[in-house]
Structures are given as structure tokens and as C-alpha cells.
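A.B. asks: Have a look at this one before I ask anything.
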Amino acid sequence: MTNSNRIKLTWISFLSYALTGALVIVTGMVMGNIADYFHLPVSSMSNTFTFLNAGILISIFLNAWLMEIVPLKTQLRFGFILMVLAVAGLMFSHSLALFSAAMFVLGLVSGITMSIGTFLITQLYEGRQRGSRLLFTDSFFSMAGMIFPMVAAFLLARSIEWYWVYACIGLVYLAIFILTFGCEFPALGKHAQHSQAPVAKEKWGIGVLFLAVAALCYILGQLGFISWVPEYAKGLGMSLNDAGALVSDFWMSYMFGMWAFSFILRFFDLQRILTVLAGMAAVLMYLFITGTQAHMPWFILTLGFFSSAIYTSIITLGSQQTKVASPKLVNFILTCGTIGTMLTFVVTGPIVAHRGPQAALLTANGLYAVVFVMCFALGFVSRHRQHSAPATH
């Protein structure tokens, strides 16, 4: 594989995470405007975004098999057509049913693209380089989370319709589509089987269950928190721009945290530092919810920084629970995290309807506490130390 080809594939991976990050994170910024557009209460409108999350979950789950049947390049190019159709559906329809269908299609497209992006990084890089590349790739999710709420706030403040935010997100997929030209993708399925030796089956252990629960609770807690921060902030009397700035501050700090921890983590036992980070994140989130308006930006900045390495560390620890990293094990933990994404508004929507945005934030805080408990319990059963021991010579 040429270096030019490797760079193109790596950038496709980066942008695939940016696409999903933009679609998921911008929800909290545009939800109120979309609710007004369809003349619905915000809590009811939030339920329709479950279609986006369901599309992401289904596509990530199915693409483990789909990647061996349909070539990756074909998937990405067909995804571009679906993306254009979905954005057009958002722009030209006033039907709630078509809006939900378009959201589901956007979820399918982003889930397939992100699973391809993850696969490409694991194929292109080995060992420690793979871990650092995955963390850097994941930072594009956060980068999109920093940029697109600002784009949304800019457009909405000028009375530009909310669907233009999704048109802007579509430009990310346009870049992916352009990169597929003149680019060779790794072979999969029957074409790749002859070069792969059979891998002995290995029991996962109870530590994987702890990590799966932690992944689900972390993503559900994180998205439940960040999706309702704008509504919570507006309820305190903050402007739309200031509310959007809180979300952008979180993801900017999250992005810098990922870059910092890609160096820091190698000096510590992963399970121990993960437990410390999960505990700190739970405390910082509580301080944000109960603090004054003046302190909120500082708490959300530190929360973003210290929580940035949690999810990638959960996945990395999962891959270290067996001697040979199991793609199915990693996919299982990723799927649990994606279930957390799908449940975001299923869980928080009714809470907001009955108790308000602050109750949703406190629920997210409780989920972060569960992550801390799972990471602490993992310390008694984790196999990562014995499996990584032979490698340190």
C-alpha cells in the first residue's frame, strides 16, 4: 500500500468520526427550532431523534457482516447518495414521518461510515500506534462537536432555517466521497480469508461485562448531559449563543484532552487511571449542575478534559481482556456504547417532560457514578495486566 493511499484512508477514518459527532452533538442546538417548526413540545420532539440513534446502532451492528459482502468503497459512495436524499428530505418536507425517516437514514449512513473508519484504522496501524491513532481519530468526533454547535448558533441567530445545519454537515460526507476516488481499500470476506490464520477461541471473563455496562452508561450519560445543556442553560436565562458556547467549550476541551491523554496514558496502569478519571468526571458534572452561572464554563471545560479518555480506555481495556484482541469483543463493547446513544432521548425525554432539563442532567450524573463503580470493580477481575506483561520486555 502506498503512503498516499494510507493517508487518504486515514483521513476517511477521521472524517467518518467527525460526521457522526456532528450529527449526534448538534441535536441539542437545533431541537428547540425543529420543535417550533413542527409545532411540538421539545420533550416530544426529542423522541424523533431516537430514529437517528437507532439507525447508527443498526448499521454498526449489521456492518460487521455487510463489510464482507459489499466493498467498502461502494458502501461509502452509496452512502453519499443516501446522505443527499436525507438532507433533501429535511429541506423540502413538512411531514414529521418523513423527518423521522430522514433521521433514520442519516443514522444508517453515519453508523456505516464510522464502522468503516474504525476498521480502516485497525487494519492500517499496529500495536501502540493503533491505540494512539484510534484516540486521535476519536478526537475528530469532539472536533465536530466543537465546530458544528457554533455553526448552528451562527445560522439560527440569523433566522436561517435549522435544516441548513444538516446541509453543512453533509459537506463532511462530500469530502469523504471525494477521497474515495483513486483510493484502494483493504480486501475483505472471501478475498482476505486465505491470508488469515484461525484464531483460538478464548473466554471473555466477567471484566468484559463490567466494561460493557460502563460503555453503555458512559455514552448514555454523556449524550444525555450534553444534549440538554443548551435547554438547561436557556432556562437559567442564558442566550442561545452562550448556551451553544458551553457545548462547544465541552467538546473543545474534550478534543484537547484526547490529544493530551494519548501521551499521558502510557505512563499509568490503564484500569487505575480510568477509575480516577471516571470519579473526577462524576464530581465535575455534579459541580456544573449545582454551581453558579459564573462557574459553569470552567466546570464544563474541566469535565470535557478529564472525561475525554474514558470511552477509548474502556474499549482498549476490553481488547486486553483476551490474549489475542478479539474484533467481536471490541464490537460488543462498541455496540453497548451505541445502545447508550440510541437510548439517549428514550430515557431523558420523559424525564425532561415531567421534571425539567436539570433532572436529565442529574440522571446523567448518576450514570457517570455507575461508570466509576464498574471501573473500580474491574480492578478485581481485569486480565489486562497478565496479558500485557509478556509484551513488556
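Yeah, the Cβs are placed from backbone N, Cα and C, and that goes for glycine too.
For 11-31, 51-71, 78-98, 101-121, 134-154, 162-182, 206-226, 245-265, 273-293, 298-318, 332-352, 361-381, the entry in Swiss-Prot reads transmembrane segment.
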A.B. asks: When each of 11-31, 298-318, 332-352 is checked against the transmembrane segment (206-226) for Cβ pairs under 8 Å, which one has the most?
C.D. replies: 332-352
A.B. asks: Among the recorded stretches 134-154, 162-182, 332-352, which has the greatest number of Cβ pairs closer than 8 Å to the transmembrane segment (78-98)?
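C.D. replies: Comparing 134-154, 162-182, 332-352 against the transmembrane segment (78-98), the winner is 162-182.
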A.B. asks: Take a look at 11-31, 101-121, 162-182, 245-265, 298-318 and tell me which one has the most Cβ pairs under 8 Å to the transmembrane segment (134-154).
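C.D. replies: Going through each listed stretch, the top one turns out to be 11-31.
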A.B. asks: Spell out yes or no: are there three or more C-beta pairs under 8 angstroms between the transmembrane segment (51-71) and the transmembrane segment (332-352), with each pair 6 or more apart in sequence?
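C.D. replies: By the criterion, they touch.
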A.B. asks: Considering only Cβ pairs under 8 Å, which range in 162-182, 273-293, 298-318, 361-381 makes the most contacts with the transmembrane segment (101-121)?
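C.D. replies: Most contacts with the transmembrane segment (101-121): 162-182.
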A.B. asks: When you check the transmembrane segment (361-381) against the transmembrane segment (273-293), do you get at least 3 Cβ pairs under 8 Å, counting only pairs 6 or more apart in sequence?
C.D. replies: yes
A.B. asks: With pairs closer than 6 in sequence left out, are the transmembrane segment (273-293) and the transmembrane segment (11-31) joined by 3 or more CB pairs under 8 Å?
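C.D. replies: In this chain the transmembrane segment (11-31) does not contact the transmembrane segment (273-293) - fewer than 3 Cβ pairs sit under 8 Å.
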A.B. asks: State the non-local partners of the transmembrane segment (162-182) in its own chain: residues 6+ outside its ends, Cβ under 8 Å from one of its Cβ atoms.
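C.D. replies: Distant contacts of the transmembrane segment (162-182): 8, 11-12, 15-16, 18-19, 22-23, 26, 29-30, 33-34, 37, 73, 76-77, 79-80, 83-84, 87, 90-91, 106, 109, 113, 144, 148, 151-152, 155-156.
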A.B. asks: Could you give the residue numbers and ranges of same-chain residues that sit at least 6 residues beyond the transmembrane segment (332-352) on either side and whose C-beta is under 8 angstroms from one of its C-beta atoms?
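C.D. replies: Non-local partners: 24, 42-44, 46-47, 49-50, 53-54, 56-57, 60-61, 111, 118, 208, 211-213, 215-221, 223-224, 227-228, 231, 311, 314-315, 318, 359-360, 363-364.
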A.B. asks: State the residues, same chain only, that lie 6 or more residues beyond the ends of the transmembrane segment (245-265) and have a CB under 8 A from a CB inside it; answer 'none' if no residue qualifies.
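C.D. replies: For the transmembrane segment (245-265), the nonlocal Cβ contacts are 21, 25, 28-29, 131-132, 135-136, 138-139, 142-147, 149-150, 153, 226, 229-230, 233, 238, 273, 296-297, 300-309, 312-313.
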